[in-house]
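Novice: Starting off with a structure, shown below.
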Amino acid sequence: MSRYVFTSESVTEGHPDKICDQVSDAVLDALLAQDSTSRVACETVVNTGLCMITGEVTSKAQVDFIHLVRDVIRDIGYSGARAGGFDATSCAVLVALDQQSPDIAQGVDEADDHAGDPLDKVGAGDQGIMFGYACNETPELMPLPISLAHRLARRLAEVRHNGTLDYLLPDGKTQVSVVYENDKPVEIDTILISTQHTAEVTGLTDEQEVRNRISEDLWTHVVLPATADLPLKPDRANCRYLVNPTGKFVVGGPQGDAGLTGRKIIVDTYGGYARHGGGAFSGKDPTKVDRSAAYAARYVAKALVAAGLANRAEVQLSYAIGVAKPVSILVESFGSGKVSNAELTDLVQEHFDLRPGAIIEQFKLREMPSLNGGRFYRDTAAYGHFGRPDLNLPWEDVGDKAASLKQAEANRIQSGSSL
């Protein structure tokens with residue numbers, strides 16, 4: 001019997017790097033909402049009293065970027081007396097956006113391999129490799145450690161926003177360690193929560209008393225509600241439970257650490273449980289395959305698992321800049337597939353169109369901001385881009401595709417042929 005512990009982490013929306021991801025995606029939303037053909041590569045940096053957006057934009061949209069940035073920072077919770085050195089109203093906002101390189105644009109506008117099909121005309125915005133993953137550990141078909149870490153982080157933000165724990169401040173991190181036996185989760189080994197807070201907590205100022213108070217409150221108002229509907233729940237007697245291990249966490253957010261877009265790519269995806277191609281998502285329009293193809297790879301992997309063709313599936317895609325069709329497609333089922341990896345790969349090539357133009361069209365990636373009141377990508381920028389029951393994400397909706405894959409497998413069995 002194999003037994004091991006796997007750990008994943010998440011961060012709250014007030015973490016400096018996540019502030020940047022949300023600002024970058026708010027810029028993307030605003031531009032696409034006005035001009036769905038906008039080309040965007042927006043990077044954000046924050047530090048004490050400063051937020052700067054930079055990168056490349058080609059768009060007909062007219063956006064008040066300074067006002068937009070301040071609104072995002074304020075919505076997260078950095079405003080007023082509790083802002084702690086990073087206030088939405090008073091922080092400096094710098095805008096340094098240029099136009100996209102025409103050398104890049106020509107390959108995206110007119111793919112090298114197009115042959116009359118309009119979807120062939122949209123080339124990949126860059127070369128690269130992307131991975132998608134799914135497994136049957138949770139209802140959303142995500143690995144349990146990252147799913148739990150996100151649940152805790154979302155709940156931590158919720159009890160701050162609704163005033164349940166009014167001493168909490170925006171910055172925070174969660175981490176969950178899960179025990180596996182024979183590749184199945186059997187026990188929650190450790191829960192770690194680090195959360196920013198006011199210097200005084202419910203009238204307490206002694207560091208140990210403050211820490212104890214926060215620990216008890218978080219177990220009651222964060223851990224228990226976040227795990228209430230799960231079959232595998234933390235046992236306080238046996239689960240190692242750590243809160244603010246350094247003792248206190250008063251100075252946080254951009255006052256404590258600088259933040260950058262794209263520095264939480266493992267939090268954004270599968271918590272390290274699957275491989276990652278290295279490309280970040282936030283601030284990038286759908287022609288950037290770092291984003292759109294990673295969404296498609298998740299869609300493929302989730303459909304394979306939902307169809308019962310594998311208990312675990314990892315899909316690798318690769319692209320060349322200016323070329324529409326993927327350079328390569330590979331499926332790995334880690335021995336859990338009903339058929340071989342080669343047959344699963346053939347099935348994917350037969351049933352999925354993974355050209356950038358087709359991905360963009362299927363998921364309506366250019367129209368999503370305008371279809372959702374001007375805000376879509378920003379909501380993916382915190383608490384993960386995959387396995388989000390709180391969001392209506394098109395790449396998570398695999399019901400019809402899973403049904404067609406099931407039928408294809410049934411037809412194969414009936415005919416006695418390989419896929």
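Along the chain as shown, the residues are counted starting at 1.
Including glycine, each Cβ sits where the backbone N, Cα and C put it.
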Novice: For the feature region 'Flexible loop' as recorded in Swiss-Prot, pick the matching range from 100-110, 111-121, 199-209.
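Specialist: That would be 100-110, the stretch labelled region 'Flexible loop' in Swiss-Prot.
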Novice: Within 10 Å of K264 (ATP binding site) (Cα to Cα), which of the binding-site residues D17, E43, E56, K288 do you find?
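Specialist: Candidates kept after distance check: D17.
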Novice: Which ones are near E43 (K(+) binding site): of the binding-site residues H15, D17, G172, D257, K288, which have a Cα within 10 Å?
Specialist: none
Novice: Out of D17, K248, D257, point to the one nearest K288 (L-methionine binding site) in space (Cα versus Cα); all of them are binding-site residues in the record.
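Specialist: The smallest Cα gap between K288 (L-methionine binding site) and any of the binding-site residues is with D17.
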Novice: D17 (Mg(2+) binding site): which of the binding-site residues K248, D257, K284 have a C-alpha within 10 angstroms of it?
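Specialist: So the list is D257.
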Novice: What's the CA-CA gap between K248 (ATP binding site) and E56 (L-methionine binding site) in angstrom, rounded?
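Specialist: Rounded to a whole number, the Cα-Cα distance is 40 Å.
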Novice: Could you list the residues of the same chain, at least six apart in sequence, whose Cβ is under 8 A from the Cβ of H15 (ATP binding site)?
Specialist: D171, G172, K173, G253, G259, K264
